[in-house]
Amino acid sequence: MSQTIDELLIPHRNAIDTIDAEILRLLNERAQHAHAIGELKGTGAVYRPEREVAVLRRIQDLNKGPLPDESVARLFREVMSECLAVERPLTIAYLGPQGTFTQQAAIKHFGHAAHTMACPTIDDCFKQVETRQADYLVAPVENSTEGSVGRTLDLLAVTALQACGEVVLRIHHNLLRKNNGSTEGIAKVFSHAQALAQCNDWLGRRLPNAERIAVSSNAEAARLVAESDDGTVAAIAGRTAAEIYGLDMVAECIEDEPNNTTRFLVMGHHETGASGSDKTSLAVSAPNRAGAVASLLQPLTESGISMTKFESRPSKSVLWEYLFFIDIEGHRRDAQIQTALERLGERASFVKAIGSYPTAVL
């Protein structure tokens, strides 16, 4: 007599139960070792970005499937987040309110066990870490379609904090509405200025007559719509904001560029050690004379150092002087980069190492 489906499932379910029990035992054993490490460190830094990245890269190298590498890395990010919380939960400042893409980036980098602190402005994010009310901050630095976030660059040039990580987040915008799943009757659309720009073509086609109103963040737009009694308003925000504020998804993925991506920097008080695959962010200023910029870059190009970003921004202190924000491959403690930075310092009127940090794994 042939076995039923339920009977055929029994050995697999029994095996899964056994495996789950072993996973649980090993997770708690790992947490015990994490706690012991925390005791040995004492008041030292409990978060080591280069160590976490090394673990994730090693796990991906060991992975034989069928789980994809990214899924395995996400799982172990959460494991490390929970184990780190056993040592001491981290507090992460981000541009609020709750539900912003910056909060998503913070959770992607630090895991759900970290405490996230919503701040009203990017300036306040920096202040919370500088005054040690938070351990780290996550701030948007550039978007693939709209370019750099100017206020973040301004703060990077003057803060004493160090860049210690980066987060790359795919951005999907959705049109949200309160108790209404239709585009009919929408007269106003609230969102962050960059989100409105990133959805410009879609809005022009589908809501050509709707007024576009810029607010401090996408999540703030969702909050405003959720609290409004005006049935003609809508917001552009992420799925997380829709869930938090109880809004209907009228249209999904309305961004004009399907590969829309935002890069964030993680800032803290400590320098980060080399991980083997790093970036270094710099802020430099050239003397105001002909050929100064070409001369400025010469130490990097002659050393064969690869630049992944080069952008100018007006200086806030000297009229008609510009700051150049440069990202290079490698760590500031690498001998080749140390030499290049020394030569750069001889040519520049201002040089600041914003920080060296591991390239994003997730």
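A Cβ is built for glycine as well, from the same backbone N, Cα and C atoms used for every other residue.
Pulled from Swiss-Prot:
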DOMAIN    3-91  domain 'Chorismate mutase'
BINDING   ARG13, ARG30, LYS41, GLU52  substrate binding site
DOMAIN    92-269  domain 'Prephenate dehydratase'
SITE      THR262  site 'Essential for prephenate dehydratase activity'
DOMAIN    281-356  domain 'ACT'
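Confidence for the domain 'ACT' (281-356), expressed as mean pLDDT, is 90. Secondary structure at ARG13 (substrate binding site), as computed by DSSP, is helix.
It is LYS41 that, of the binding-site residues ARG13, LYS41, has its Cβ surrounded by the most other Cβ atoms within 10 Å. Of ARG13, ARG30, LYS41, GLU52, all annotated as binding-site residues, the residue with the shortest Cα distance to THR262 (site 'Essential for prephenate dehydratase activity') is GLU52.
Sorted by the number of other CB atoms within 10 A, the recorded positions ARG30, THR262 start with ARG30, the lowest. For the substrate site, whose binding residues are given in the record as ARG13, ARG30, LYS41, GLU52, the maximum C-alpha distance rounds to 42 Å.
Neighbours of GLU52 (substrate binding site), defined as other CB atoms within 10 A of its CB across all chains, total 22. Counting residue by residue with DSSP, the domain 'ACT' (281-356) contains 24 helix, 28 strand, 24 coil.
Applying DSSP to the domain 'Chorismate mutase' (3-91) sorts its residues as follows: 70 helix, 1 strand, 18 coil.
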